[in-house]
Amino acid sequence: MPRTIIEKLWDSHVVHERPGAPTLLFIDLHLVHEVTSPQAFQGLRERGLKVRRPDLTIATADHSIPTTDRSLPIVDEIAAKQLAQLETNCKDFGIRCLGVHSSQQGIVHVIGPELGLTQPGMTVVCGDSHTATHGAFGALAFGIGTSEVEQVLASQCLLQRKSKTFQVKVDGALKAGVSAKDIILALIARIGIGGGTGSVFEYTGSAIRALSVEERMTVCNMSIEGGARAGLIAPDDATFEYLAGRPHAPKGAAWDAAIPRWKQLPTDDGATYDRSVSIDADTLEPMITYGTNPGMGVSINAALPDPSQVSDPMARDSITKALAYMGLEGGKPLVGHPIDVVFIGSCTNSRISDLRTAAGLLKGRKVSPKVRVMVVPGSQEVKRQAIAEGLPEIFRAAGCDYREPGCSMCIAMNGDQLAPGEYSVSTSNRNFEGRQGKGGRTFLASPLTAAASAITGVVTDVRTLL
């Protein structure tokens with residue numbers, strides 16, 4: 001019987017199943033960070049348990065790590081305690097830790113792929129919502145809670161209920177100024193933040209195949225914002241080329257054996273999905289969010305929804321409240337709205353290709369004196385590559401604050417945050433109330449839109465600067 005890649009990945013990792021109960025799955029890679037792991041490690045201590053497979057577990061410091069000078073003491077006591085505890089826990093349980101001063105430190109969803117830890121056919125979990133990023137390699141990757149982190153540490157297995165299959169087919173070609181971030185923002189605006197509930201997305205189509213592997217990571221990263229458990233893309237030659245030679249990728253005969261196996265993963269001809277949706281890439285425009293969840297998105301020049309024209313009372317109330325929090329008026333476009341901060345970074349858009357894109361637009365230009373611009377590479381490796389290409393000099397010459405790797409303003413628990421009432425154009429993935437700082441107001445967009453808005457000081461259609 002023909003199967004989707006989602007079904008193949010599930011079937012190949014079943015340890016035990018019985019009717020009406022969750023299935024026990026084997027986990028190939030467990031990624032750990034400092035925020036959701038302390039209670040899990042403490043649970044192991046209290047129960048006298050060891051980590052079952054430390055060789056399949058790796059930790060990094062990312063959420064609460066400062067993006068300022070690493071030679072200085074960490075001022076935030078909670079952050080300092082979390083980061084120190086991570087290193088202690090990893091030492092006690094024999095887990096490799098890419099800590100504050102590691103040359104491989106970075107955002108967990110950046111370092112996994114760049115080190116070659118993430119590979120096709122794997123199950124990957126992490127105590128973080130955006131673990132779906134790793135699905136760009138043809139892996140079944142999803143976020144888990146702290147109690148589940150403890151379960152995986154103790155057993156290398158996890159109880160899960162099987163998700164439905166959801167095909168997101170994107171055909172056509174993206175126009176200049178339109179990017180992978182716009183694909184996923186357009187999808188979420190269309191289906192809503194609950195549209196994928198109970199499902200795993202498989203992204204297919206010519207527009208997806210045309211994306212680089214790093215762009216595919218951006219798309220998969222925000223699957224959770226569309227309500228999905230995970231999102232993935234079948235591996236192809238681009239995937240294999242990306243992985244070849246990376247530190248933890250197979251080598252020699254193991255590599256030669258892996259390729260034919262990985263080529264069996266794509267969805268079979270004739271396989272069916274529980275649900276499908278199609279997007280025409282030819283018609284997509286730069287996207288931006290206006291409200292307080294990622295589903296509140298519009299094309300850059302479109303008018304914002306007018307609550308008085310919305311018939312559904314719940315939707316009308318939600319839009320009314322969002323516009324009030326954001327200080328916006330329905331029926332008018334966002335283009336031209338003043339901003340205070342631009343953030344280029346996060347596990348969605350902090351890879352070297354993202355920095356290249358932003359630097360390409362900023363080169364020879366200056367950012368608005370009214371705007372504070374933060375550029376935060378996703379890892380030490382991205383930082384090194386950016387230096388080799390001269391990107392920090394471009395950002396600094398333009399007037400940007402170029403910082404050390406970490407989650408930074410995406411989550412505002414590390415000193416990088418908005419002041420109450422400030423507006424940001426952000427390349428991150430969530431725009432909830434207070435997400436980037438108490439009272440802060442976030443517009444989610446692509447690196448191109450963010451860089452363009454940094455130059456003008458207002459929300460800007462990047463196509464006017466190309």
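Just so it is clear, glycine is given a Cβ too, placed from its N, Cα and C backbone atoms.
Here Swiss-Prot has Cys407, Cys410 binding [4Fe-4S] cluster, and the candidate from Cys220, Cys347 in that same listed site is Cys347. Within 8 Å of the centroid defined by the CB atoms of Cys347, Cys407, Cys410, the record's [4Fe-4S] cluster site, lie the Cβ atoms of Asp62, His63, Ile107, His109, His130, Gly345, Ser346, Thr348, Ser350, Gly406, Ser408, Ile411, Ser428, Asn429, excluding the listed residues themselves. Sequence-distant neighbours of Cys410 ([4Fe-4S] cluster binding site) (same chain, 6+ residues apart, CB-CB distance under 8 A): Phe343, Gly345, Ser346, Cys347, Thr348, Ser426, Ser428, Asn429, Arg430, Arg435, Gln436. Least packed by the Cβ count within 10 Å, out of the binding-site residues Cys347, Cys407, is Cys347.
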